[in-house]
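Quick look at what Swiss-Prot lists:
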- Tyr235: active site, proton donor (ACT_SITE)
- 48-53, 74-75, 111-112, 139-140, Lys244, 273-275: NAD(+) binding site (BINDING)
- Tyr225: substrate binding site (BINDING)
- Glu75: site 'Plays an important role in discriminating NADH against NADPH' (SITE)
Amino acid sequence: MIIKPRVRGFICVTTHPVGCEANVKEQIDYVTSHGPIANGPKKVLVIGASTGYGLAARISAAFGSGADTLGVFFERAGSETKPGTAGWYNSAAFEKFAAEKGLYARSINGDAFSDKVKQVTIDTIKQDLGKVDLVVYSLAAPRRTHPKTGETISSTLKPVGKAVTFRGLDTDKEVIREVSLEPATQEEIDGTVAVMGGEDWQMWIDALDEAGVLADGAKTTAFTYLGEQITHDIYWNGSIGEAKKDLDKKVLSIRDKLAAHGGDARVSVLKAVVTQASSAIPMMPLYLSLLFKVMKETGTHEGCIEQVYGLLKDSLYGATPHVDEEGRLRADYKELDPQVQDKVVAMWDKVTNENLYEMTDFAGYKTEFLRLFGFEIAGVDYDADVNPDVKIPGIIDTTV
């Protein structure tokens, strides 16, 4: 079938398998052209491995450090008449390119919050890898079924303690509009912490440790975003921020557990990028459109692969890591450069419907958004007939 982008709200409901493969290849080429990661990981588990930062971590470990990788994700395969999810095609492409390099790559499809998927992962590590020396936690999910209670909990994107009104960008209608959000209830805050906080990361590390599949010296990191003043009301000081603060608490006990075997645990702070998750946050499209313009002008613009490759090379496995006073690894320092933030803040209230394309890089934002789904990739013929039924040879599908 011939597949064209169809966007509804902050989701593109179609995906392009050839475009997704080309996007993965571009990221691999970036890593291989920038050289190996010295003393990098060799056997890596990535939880949330199919898109965005998790996919970039899997690519960086495999092609920057020659690592065998096991990826966990929750994606949907395509059929002859309907495309699958982008994460499915990304993972199929990753496994194909890893196999060409002689690297081990297997994937587990299922609910990473569940005990079942944790057990299947442990069994696969024991059978295929023995032990892992890096665990990357990169889950973004709107809800979680708690494995112990069976309760399904939802996360909420709301301010805490006060209603907030801010400028946003309606990406469908391409207009600037005021957005007002009522404060989260305590139940909504607790739910967001349960879905997006550190409990599941801790459950993973506890399960892996008890099963004896963490190598001596094993490291783990969970990805987070802090942002700057302009996003704080809705992000760091909001319900999501409460979940992110929970990561900062949970990492301490995880670090103690791994330190007993010479290992380490860190929260890693990454810059704002276009992802399916960030495009759902009302103020992020406008912030990102301004940020892209400023960072491209200063030559510091980065996407997922540049961020995560740099994180592994400089901080997780580098001699002089970028660490803040909380002990987090920082890869967001170019975004938080005061000169960059001052320019974004200065333009924030000046953007109008009429000057949107001149004052911001909304065009670049839209391109990055479509690239998530395999569109707008250079060299791909989007008028060609493609088969959306793409297999992942090494898949262990717990959903069937």
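Even glycines carry a Cβ here, placed using N, Cα and C.
Note that this is a predicted model, so its numbers are computed, not measured.
Shown here: features listed in Swiss-Prot, placed on the structure.
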residue	record	contacts (Cβ under 8 Å, 6+ apart)
Gly48	NAD(+) binding site	Gly54, Val72, Phe73, Ala112, Val136, Tyr137, Ser138, Leu139, Ala140
Ser50	NAD(+) binding site	Gly71, Phe73, Glu75, Thr85, Ala86, Gly87, Trp88, Asn90, Ser91, Ser107
Gly52	NAD(+) binding site	Ser138, Ala140, Val273, Thr275, Gln276, Ala277, Cys304, Leu372
Phe74	NAD(+) binding site	Asn109, Gly110, Asp111, Ala112, Ala141, Thr399
Tyr225	substrate binding site	Tyr235, Lys244, Val269, Leu270, Lys271, Ala272, Asp332
Val274	NAD(+) binding site	Leu288, Tyr365, Glu368, Phe369, Leu372
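Each of the recorded positions Glu75, Asp111 was scored by the other Cβ atoms within 10 Å of its Cβ; the lowest score goes to Asp111.
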